[in-house]
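**Student:** Take a look at this one; I'll ask things after.
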């Protein structure tokens with residue numbers, strides 16, 4: 001998901017406000033008694049996922065902002081509510097790139113400047129992500145952690161381009177210097193959580209594109225990067241984080257099925273170092289209609305079935321009529337062979353600093369929309385499992 005400039009500022013403001021609030025200590029935040037998982041690593045079994053020994057279809061959500069919170073109690077609250085609701089997977093942004101160090105205590109993970117990169121392992125850096133992983137372990141929630149953003153939100157590939165030289169984000173994929181810095185960051189993050197059962201999968205990027213590039217550019221980067229991640233960690237799964245562009249199966253000739261953004265869904269899914277497929281759905285941004293989304297979901301399910309790997313319906317959202325629009329997509333995903341889980345964009349909750357960021361797609365815990373798209377959806381998942 002690409003955030004609007006207003007949303008990016010709102011996220012920063014939320015983090016800054018949280019800094020001014022009393023901070024929960026690790027001992028205080030450990031007072032609840034959540035039930036963790038069984039300590040096993042998530043995996044695939046044919047066209048399905050396996051979480052804590054359970055094979056089936058799973059529901060989850062996205063939270064780009066949770067790793068930037070500075071109040072531990074807020075992090076615990078999110079995972080407590082997710083656990084209560086039956087959400088099993090949360091996709092979080094494992095990047096927060098800047099070109100100059102913030103002066104106000106804002107959380108940042110990596111700084112790129114003058115051809116060099118500095119990883120922040122301090123209290124306003126990766127220690128915030130540490131707590132997210134720690135709390136997820138306690139609550140039995142699995143995390144998808146990605147390493148860079150295609151978009152400029154929280155730095156993205158453009159932060160590398162600004163520091164190392166280049167014209168646009170497409171230069172990121174072939175630059176030796178940028179890739180060296182990117183891989184150093186991957187190694188720093190992966191090494192911190194190598195033995196954590198909370199990690200569902202490592203993800204190369206949020207919505208990587210290479211507009212106007214030959215398909216080989218993005219594919220070769222996916223191939224080499226996923227091999228590198230597997231060389232560091234063979235226990236956790238690896239995925240791309242792409243939108244699912246570039247697909248012939250079920251194609252109606254519309255923009256998302258085409259290859260203009262440099263992606264080839266089928267070709268990259270076939271890589272042995274990619275454990276499952278990912279795809280997103282935003283009809284309003286792609287020039288399609290909401291009903292079109294059901295065919296998009298079915299097409300990716302068919303592609304994953306043909307590849308013998310599960311598909312994760314990783315992001316989907318609209319800014320109005322959430323239940324009426326998104327419920328059919330959920331049901332299509334649940335009933336399509338090859339689709340193994342879905343994560344709506346995005347999770348919302350009431351934090352100590354106020355409501356979590358709302359980009360219009362947000363579904364807040366405890367609301368009627370949450371009942372429709374989470375509570376009822378998870379009941380449908382349970383009902384299907386019982387029928388089987």
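In case you wondered, yes, glycine gets a Cβ from its N, Cα and C as well.
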**Student:** Let me know which member of 93, 108 Swiss-Prot also records as binding substrate at the site of 206, 282, 345.
**Tutor:** 93
**Student:** Where's the emptiest Cβ shell within 10 Å among the recorded positions 206, 264, 335?
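**Tutor:** Among the recorded positions 206, 264, 335, the lowest count of other Cβ atoms within 10 Å belongs to 335.
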**Student:** Looking only at 93, 206, 282, 345, the residues listed as binding substrate, what is the longest Cα to Cα distance in Å?
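**Tutor:** This binding site's residues have a maximal Cα-Cα distance of 19 Å.
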**Student:** Looking only at 93, 282, the binding-site residues on record, which one has the least crowded Cβ, with the fewest other Cβ atoms within 10 Å?
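**Tutor:** Comparing Cβ neighbour counts within 10 Å for the binding-site residues 93, 282 gives 282.
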**Student:** Do you see any of the recorded positions 207, 264, 315, 335 whose C-alpha is within 10 Å of residue 345 (substrate binding site), and which ones?
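**Tutor:** So far as Cα distances go, the recorded positions lying within 10 Å of residue 345 (substrate binding site) are 315.
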**Student:** Once the chains shown are all counted, how many other Cβ atoms turn up within 10 Å of the Cβ of residue 315 (active site, nucleophile)?
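**Tutor:** Summing over all protein chains shown, residue 315 (active site, nucleophile) has 25 other Cβ atoms within 10 Å.
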